[in-house]
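S.K.: Before I ask anything, let me first share the structure, which is written out below as structure tokens.
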Amino acid sequence: QIFNQHNAEAPSLEQAFHRMAQMEPNLDHDVSWFLLPSYWAKMVVALISFLCFANSYDGDFVFDDSEAIINNKDLRAETPLGDLWYHDFWGSKLSSNTSHKSYRPLTVLTFRMNYLFAGGFYPVGFHVINIILHCTISVLMVDVFSILLGGLQFSNKGRRLNLAPKSSLLAALLFAVHPVHTECVAGIVGRADLLCALFFLLSFLGYCKAFRENKEGHTFSVFWVLMSVVLGAIAMLCKEQGITILGLNAVFDALVINKINLLELIRKLLYKDKSLENAGLLRKGLLLRITLLMCGGASILYIRWRIMGTGPPAFTEVDNPASFADSLFVRAINYNYYYSLNAWLLLCPWWLCFDWSMGCIPLIKSVSDWRIIALAALWFCLIGLICQALCSEDSHKRRILTLGLGFLIIPFLPASNLFFRVGFVVAERVIYLPSIGYCILFTYGFSLLSKQAKKKKILAVAVLGILLINVMRCVLRSSQWRSEEQLFRSALSVCPLNAKVHYNVGKNLADKGNQSAAIKYYREAVRLNPKYVHAMNNLGNILKERNELHEAEELLSLAVQIQPDFAAAWMNLGIVQNSLRRFEEAEQSYWTAIKHRKKYPDCYYNLGRLYADLNRHIDALNAWRNATVLKPEHSLAWNNMIILLDNTGNLAQAEAVGREALELIPNDHSLMFSLANVLGKSQKYKESEALFLKAIKANPNAASYHGNLAVLYHRWGNLDLAKKHYEVSLKLDPMAPGTKENYNLLRRKLEQLQKKGG
């Protein structure tokens, strides 16, 4: 509600505002809750939101953090800043067919700043920023809810009045402690949602600021309307949902600023009522503001479309199975079921999971499926709320319910599958913004119950209990997000049918060296999803290392049959075939892998090993050289080149390759060792000794390093040092090949010298 006052002799405008506010129903009048000054209310909200997620500050990089942060070249200083505007969230080119088209350059920029300021990939700084962002957003929610629940009014000094301090505090607390927000706060990748929400709210508050009367007496400021569009664009550059704030600003303008009765407006439009302008469309500059919002939104979307390219993102059936269903009925039923699950997560956020795809939610294929009840319940509630929002005679009720439904539904539209296919089934992070609408509806429902209840304090205690339970759930869920092991295992009880959950548990176990347990989970992942090629590939790798070659070959062959362009599986199949001494098939598999992934240094390395086994030395050297060209720090390829040249008597060439390798990887002790061997054979004893000692300093427990240095001293005639290093080598590895024989030769020689000296 906007009031203008031009009469200098009139009573205090602020008092007039309060009198006018009292004429309307006041939500706070019926709410039995704490009344705090605005500053203290914000402090309480900030403190509680901090307590909910503080224990995530020293968590690891988990789940999608690896791809979005650790493996994202856009975070590195060597990547030009300009590239961020042409790459997606994961660091791939937007023009690429494999890009997910998630365009969030400002979020990636904050990751890059974290990386540069910390001097590397240290997760603490990333987590701290996420916690601060959520606390800031929660504090802003006090102001946002005071407007949405109490209306928009300003004093004569231009200060916005909070007409619902108790209700806005309750709604902000509900938002701050909602457990469904844990993924956004404790998961670093969730920063996209946090930054989007921050600028989303700033855009809304900026739009509200447009209606503060200026010195010229104009009822709204074009500058602040345009500023809200700019802030909406920034929100979209953090995450795609941000664009929806422009639609919400238009809804707020129509309902709160112009007090339009939607049902009455629809009737006048249908009957072409000549008094349409009195419905509010042309009053107070609404048409101009809506035009500015629409033009701004269209321009933002057009620029986004041009940058993204014309092709939509490519997702697979396992990402979103309902969207691949042939039947329109099956798609519609399942989409609505997904909506009901999102609504349930807002109402009862107890069963939370990092991933809801891959069989976690089986498709509904028949109306006889009992889960249809969830759809009926959802639409029964929605239709009831919509009818009340449109048809209620209470304008205050109409406004709050419509705003609540608007903030619940409109930010969710990009994730609804209605306009384009999305790459997930249910994602907790996408309901960060829609939870605003839930908090409005919950608070309004609480006020209605308080109005009817005789013992209001009991009701207030019940709500306080809900808040405390949510706080404890946030703390527990944050601790689960601290490490991948806890996160993945927590999902087993929530989504036992999710193949990806079992895959991730298995991968985590395999990374820790527990191969036996990893095999169990990989097998379960393949059982749940017989087309899960990544699980087949990883299981095949473990079986290959355990020398169970025939089963490994079967799995990898099936993987490339299901996905013919799966380069990693082709390479691993080649390794297995090489171990089975089927060299021609192995070579063909390697070249197929390279065909599907042109820049594949590891595959060139393995191809070189195959050629070395076949004594095709030139081909082996060429393959390893290709590996080092594609990946200059590929230590194994450099080492194999040096060793092969050494073994074939090409000492000068081996020395040249070794020096080239050490220039690129100066601290690699294995390269120092290989080059030291070559220099020793070339009788460059002093330089060889220096490299051996440097390698031993870097890796003092390598028996072969001490043994070969002893051989060098033996040749050089420095027998005492030779004896010392032979003994160290044998102590580290009593079975070291050749070392014991060389040591015995040295002892006999020393004994002979002692006899001659005697």
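From the backbone N, Cα and C atoms, a Cβ is placed for every residue, glycine too.
Keep in mind that TrEMBL annotations are predicted by a computer and have not been checked by a curator.
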S.K.: I'm validating the feature mapping. Which of 161-182, 403-424 is tagged transmembrane segment in TrEMBL?
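M.R.: Residues 403-424 are the ones TrEMBL records as transmembrane segment.
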S.K.: Tell me which range among 286-305, 326-345 TrEMBL lists as transmembrane segment.
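M.R.: From TrEMBL, the annotated transmembrane segment range turns out to be 286-305.
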S.K.: Restricting to the same chain and to residues at least six past its boundaries, which positions have a Cβ under 8 Å from a Cβ of the transmembrane segment (188-208)?
M.R.: 61, 63-65, 68-69, 89, 104, 106-107, 110-111, 123, 126-127, 129-130, 133-134, 136-137, 140-141, 143-144, 147, 152, 160, 224-225, 227-229, 231-232, 234-236, 238-239, 241-242, 244-246, 248-249, 252-253, 411, 429-430, 432-433
S.K.: Taking DSSP states H, G and I as helix and E and B as strand, how many residues of the repeat 'TPR' (499-532) are helix, strand and coil?
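M.R.: Tallying H, G and I as helix, E and B as strand, the rest coil: 27 helix, 0 strand, 7 coil.
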S.K.: Given the model, what does the mean pLDDT over the repeat 'TPR' (533-566) come out as?
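M.R.: That stretch averages a pLDDT of 95.
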S.K.: Within the domain 'DUF1736' (311-383), how many residues are helix, strand or coil going by DSSP?
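M.R.: Going through the domain 'DUF1736' (311-383) residue by residue, I get 36 helix, 0 strand, 37 coil.
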S.K.: Which range wins on Cβ pairs under 8 Å with the transmembrane segment (372-391): 131-151, 220-237, 243-266, 430-449?
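M.R.: Between the stretches 131-151, 220-237, 243-266, 430-449, 243-266 has the largest tally.
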S.K.: Please count the residues of the repeat 'TPR' (703-736) that DSSP assigns to helix (H, G, I), strand (E, B) and coil.
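M.R.: Residue counts in helix, strand and coil order: 28 helix, 0 strand, 6 coil.
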